[in-house]
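First, the structure itself, so that you have it in front of you.
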Ligand SMILES: CC(=O)[C@@H](O)[C@H](O)COP(=O)(O)O
Ligand SMILES: NCC(=O)COP(=O)(O)O
C-alpha cells in the first residue's frame with residue numbers, strides 16, 4: 001500500500017500547441033513550473049521519434065530547469081537510449097510507438113519482445129535511471145516485465161477510459177485491478193495512466209497498490225477553461241478523495 005499517490009503531469013500537449021505555430025510559446029517548461037506549484041510530484045514528457053510535440057531541447061530544459069523528477073517517455077531505439085543516458089532523467093518509461101498513430105494505442109509487448117527490450121532495461125538501469133515499462137493489464141506482460149528486471153510498470157488505462165458502456169468500463173476496471181494486485185504481488189512498483197480525466201480517475205486512484213498516475217492530455221485541455229494550476233489542483237483533490245473514501249488515507 002502506497003500512502004501517497006503521486007501525480008506526474010504530462011506536458012506534451014503544451015508543446016503540441018506551441019508547434020502548431022512553430023514558435024517558442026507556450027513553453028512546456030513554464031507549464032512544468034506551474035504544475036509543481038499546483039502540487040504535481042513529477043513531470044512526464046514523451047520525446048516521440050517524429051518530434052511532433054516535445055523536442056530534444058525541451059527534455060534538456062525540463063531536466064535542468066525544473067525541480068521535480070522527470071519521467072522521460074520514449075520508444076526503445078538506440079537514438080532515444082543515447083539521448084536518455086545523456087539527459088539523465090529520474091526515470092524512463094519505455095513505450096510502444098508507431099509513426100502513424102494519433103496517440104499511444106496500447107502497451108509494449110514485453111512478453112513478445114523480451115530479448116529486444118532487455119538491453120534497454122539494463123543500459124538505463126546501469127546509468128542510474130529508474131526504468132518503467134508501459135504495458136497492458138495482463139499477467140503475461142507483468143511476468144515478462146519482472147523477468148526483464150524492470151522495477152516499475154505503468155498500466156495503460158486507455159481502454160478503461162475509452163469504454164463506451166458501463167459494462168465495458170467495469171470489465172476494464174476489473175482487468176486493471178487484477179493486474180495491479182498481481183503486479184504488486186510479484187514486487188513491481190505500479191504506475192498507471194493514459195486518457196484519465198476527472199470522471200475516470202477516482203476508481204483507479206482508489207487502488208492502494210498504485211504509486212503514481214501520469215496524466216496529461218485532459219489536464220492541458222481543461223487548462224484552457226480553468227487554468228493549468230486549477231485543473232491540476234482539482235485532479236490532485238480527486239485522487240486524494242478517492243484514497244480517503246477507500247479508507248487508505
Ligand atoms: C505513453 C503515453 O501514454 C503518453 O505519454 C502519450 O504517449 C502522450 O503522448 P501522445 O499523446 O503523443 O501519445
Ligand atoms: N503515460 C501516460 C501519460 O503520460 C499521460 O497520458 P494522457 O493523460 O496524456 O493520455
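Here the Cβ of each residue, glycine as well, is placed from N, Cα and C on the backbone.
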Among 103, 157, indicate the single residue that TrEMBL lists for the 1-deoxy-D-xylulose 5-phosphate site containing 12, 13, 48, 53.
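Same 1-deoxy-D-xylulose 5-phosphate site in TrEMBL: 103.
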Could you say which of the binding-site residues 10, 103 has its Cβ with the most other Cβ atoms inside 10 Å?
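That would be 10, with the highest Cβ count within 10 Å.
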May I ask for the distance between residue 13 (1-deoxy-D-xylulose 5-phosphate binding site) and residue 217 (3-amino-2-oxopropyl phosphate binding site), taken between their Cα atoms and rounded to an integer number of Å?
6
Among residues 10, 21, 195, 216, 217 annotated as binding 3-amino-2-oxopropyl phosphate, what is the maximum Cα-Cα distance? Answer in Å.
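Between the outermost Cα atoms of 10, 21, 195, 216, 217, the distance is 25 Å.
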Under 8 Å Cβ to Cβ from residue 154 (site 'Transition state stabilizer'), same chain, six or more residues apart: give me those in sequence order, or none if nothing qualifies.
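Spatial neighbours, sequence-distant, of residue 154 (site 'Transition state stabilizer'): 93, 132, 133, 134, 135, 191, 192, 193, 212, 214.
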State the three-class DSSP label for residue 154 (site 'Transition state stabilizer'), counting H, G and I as helix, E and B as strand, and everything else as coil.
strand
